[in-house]
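A.B. asks: Dumping the structure here so I can ask a few things about it.
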């Protein structure tokens, strides 16, 4: 009975993922085919004058641009099903390779920021919630609300100005030092280049977790069982450890998993400010340079990434919280 | 100050905050409109000066006054944000009314919300801006088409509650048409929520506008939007000209913050039960 439920749950989620991917492919392909940007022109780029009309016609023919939009979509879709995402126009190599390579760089950035902002946000939120209404709560709340209206890229610019230009502690940009082969870069150098983008992304992501945790903790502290614990003489950290943490940890973790989309949005901006060679920078270049295969590939890839985050959040609730598990799996 | 605080109750304080926020925003808009393009003229003899009394925000590499550029940029960003927030709210209202039609429509709208939320917001903006071909139109369409899901979800929940109310049932029994019910019961109740939701959409819309313009997808470089000002300043950072990025960004932060305060206070006033919680 139990295994059946689990199997059903997995099947349901897989079905959802498939419909999602199909819908996102259709949506993004439709959007791109609406674009007035001519793919042949963006492919040729600066060599425009040296390419005659016949050659352009040949390129269009070779790419199948003369076929109907539906046929083009079906061509792309059938290649996609075989795992072929096409070739990037900007980088002149398979899209799948570029995404894999770039995603690793982005993953280091996002992972670091994700873990740090989660821990720090939870800590801040817990302190604010326990001390609700005091000056420390006000400071934390004010800090979070200010962060929520701070443009992420501006924060990045500020950090560059302070730490790179004025103090000179960290490099201005790029993932590795210029003029050094990628294989020769030491781990220390990599971390040094990673630090500022990761810090930017962490600072921006803290607000959400902290405010949510604070809200949940206040709710918990108003409950009857906390009142009873108070009556028994529990207070301060002991009370928090026994009754607070368990009740607020799960929502916070789930929320944090469900925020992969925003995390990537922040990463796009941070990577742009620091010229960090990640997936965010690639999607911007693909969009500006008219690199359709790469753009479509990244959209699909990020959709799956966000879906995984939501899936983990959803599953965590079911696995850990027995109240939710009991109802329907 | 303390005497006033003591005398005013929460309602009066809320209204005072709303008025102050609106006045401040009006100040930005009016100053942005009053400043002619001649103030943006190039003065090469005064380029790259640090903030002073004559130029509180300093001047850029062409000698243009940064305070003027910032105010102009804020006005443009405000206009784009306003337009996008209104359009987004209208989409949200339309979708929540469609969702009220029947179960199937409701499921469809819910699915659509999930679909839009499952692609990272910024990536979707890039995609739409690419589809439209960039520029002002691209930004407005992109922002309007991506900010409705959360508001729609809120309105849909509210709408479901109203739909099950007794007076709606009585109207239905009396043979009123769906459209009549939608107009007299649903929209009438959704309007305050919609209005507050719209004001709270501004900060998001403006920040996303600045971000997408900063990335190079948005407004063209001739329009001195805040995103453009900041992305241009990026090239001069390593020369130590910190004022180019610091003041415009700070002004944007303050404007967004004021919109947030405005929206939250309006919610407190219109919807006291939910407003008090956050």
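Cβ atoms here come from the backbone N, Cα and C positions, even for glycine.
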A.B. asks: From the ranges B:12-36, B:37-61, grab the one TrEMBL calls transmembrane segment.
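C.D. replies: The range carrying the transmembrane segment annotation in TrEMBL is B:12-36.
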A.B. asks: Suppose you had to name the range TrEMBL annotates as transmembrane segment; which of B:186-207, B:208-229 would you pick?
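C.D. replies: It is B:186-207 that TrEMBL describes as transmembrane segment.
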A.B. asks: Of the ranges B:76-99, B:148-171, which one does TrEMBL flag as transmembrane segment?
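C.D. replies: In TrEMBL, the transmembrane segment feature sits at B:76-99.
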A.B. asks: Would you kindly check B:12-36, B:111-132, B:241-262 and say which stretch has the most C-beta pairs under 8 angstroms to the transmembrane segment (B:186-207)?
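C.D. replies: Between the candidates B:12-36, B:111-132, B:241-262, the best contact partner of the transmembrane segment (B:186-207) is B:241-262.
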A.B. asks: Who are the chain neighbours of the transmembrane segment (B:12-36) in space, where the CB to CB distance is under 8 Å and they lie at least 6 residues beyond its ends?
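C.D. replies: The answer is 5, 68, 71-72, 74-76, 78, 255, 258-259, 261-262, 265-266, 268-269.
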